[in-house]
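See structure below.
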Amino acid sequence: MTAKVAINGYGTIGKRVADAVAAQDDMEIVGIVKTRPSFEAKIAQDKGYALYAAAKENIEDFKKSKMEVSGTLDELLDEAEIVVDATPGDTGEEYKKLYEKHGVKAIWQGGEEHELTGFSFNSEANYSEALGRDFTRVVSCNTTGLVRVLYALDTAFGVKKARVTLMRRAADPNDIKTGPINALIPDPIKLPSHHGPDVNSILPHIDITTMAVKTSTTLMHLHALNIELKKKCTEDDIVNVLKERPRIRLVSSKDRIKSTAEAMEFAKDLGRPRGDMWENVVWKDSIAINKGELYFFQAIHQEADVVPENVDAIRAMLEIEKDGASSIKKTNKALGI
Ligand code: NAD
């Protein structure tokens, strides 16, 4: 028996999670939900996903585009055990009521607040706490990237204090509505940014403060990290810890990966679907211990890093796999990480 998964909100994150779920042998997509016809909806049908309209009033639009729909979200929820909600942030409360009515478990994304589910998820840091839960939030791309490295370093050496500057991509590559194209925007100007408290929704004991700048790029986020560790260690010790983690990829400028552009090209050359980089890209040669503190750079592919975490969250919530490390291994193997 494979777990029956619905995807509500088939955009940047939703379409990637759908393909990642379909690649697993213990879960299947029973349907995806779109509000209106589009090239994405057409391709989803070509891939064999059953297409559902978000509401009855959307069905006419699909008919006009000569697209068959299998029904509405309401009907899909009768078929599904769990729904991955990748709608834009702030629709959470409304949809939560609907999922509750149908007795379907649900996973939201980082655009929703922690309070919606009361539980925020990261595969390595708190898989066991997600076992059997009805509602979970997979934290944002930036928070996922930060939790991965902080959890690894905290487990090995103890994190005393983390100070991080995030240089955020302003828009996704398919986004024609947002900018800036000619500016760097301190965002938010009032510090600190929300990313630190978001990390604390998973790792509450870590002293972390963050600030963020919106940059004129679509490719990746770049994090500059400064961390005080409890135990004394060398740069080699840090490399040895990070290289063992399942979703951290160490790269080197010596291999001509000196920027987010080359990191994305690397993912494409690896033959990844949509050129996705699911792992944190940590520059090995940026790792420095200076005056007793650790410094390094990492790049985060915002469209991709939360995707394997959604797959693991499904396994935990449906208790298909009790052990987090086994789920991560399974997800990674199916995706080719
Ligand atoms: P998106 O705009 O690319 O996709 C959202 C999809 O939901 C679209 O297809 C849209 O048509 C559909 N939709 C809109 N309203 C809907 C409704 N009422 N019912 C059903 N479907 C509806 O957005 P995204 O970037 O995939 O973001 C989805 C979630 O993932 C957000 O919470 C976001 O914060 C989070 N997230 C985004 C990124 C990123 O970089 N794009 C990274 C991590 C997490």
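Cβ coordinates come from backbone N, Cα and C, glycine included.
Some features that TrEMBL has for this protein:
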ACT_SITE  C141  active site, nucleophile
BINDING   T12, I13, G111, R169, Q302  NAD(+) binding site
BINDING   S140, C141, N142, H195, G196  D-glyceraldehyde 3-phosphate binding site
DOMAIN    3-141  domain 'Glyceraldehyde 3-phosphate dehydrogenase NAD(P) binding'
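Feature annotations (TrEMBL) mapped to structure.
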residue: T12; record: NAD(+) binding site; DSSP (3 states): helix
residue: G111; record: NAD(+) binding site; DSSP (3 states): coil
residue: S140; record: D-glyceraldehyde 3-phosphate binding site; DSSP (3 states): coil
residue: R169; record: NAD(+) binding site; DSSP (3 states): strand
residue: H195; record: D-glyceraldehyde 3-phosphate binding site; DSSP (3 states): helix
residue: Q302; record: NAD(+) binding site; DSSP (3 states): coil
Inset, instruction - Go through the binding-site residues N142, R169, H195, G196 and pull out the ones with a Cβ less than 6 angstroms from some atom of ligand 1. - result: none
Inset, instruction - Express the distance between the Cα positions of the residue listed as 'active site, nucleophile' and T12 (NAD(+) binding site) as a whole number of Å. - result: 12
Legend entry - recorded positions listed as I13, C141, least Cβ neighbours within 10 Å: C141
Inset, instruction - Find the one among the binding-site residues S140, N142, H195, G196 whose C-alpha lies closest to that of I13 (NAD(+) binding site). - result: S140
Legend entry - Separation of alpha carbons, R169 (NAD(+) binding site) and H195 (D-glyceraldehyde 3-phosphate binding site) (Å): 15
Legend entry - Residues within 8 Å of the S140, C141, N142, H195, G196 Cβ centre (excluding the D-glyceraldehyde 3-phosphate site residues themselves): G110, V139, T143, T144, G145, L146, L166, H194, D198, V199, T210
Legend entry - In sequence order, the binding-site residues (S140, N142, G196) whose C-alpha falls within 10 A of G111 (NAD(+) binding site): S140
Legend entry - Number of Cβ atoms other than its own within 10 Å, given for N142 (D-glyceraldehyde 3-phosphate binding site): 25
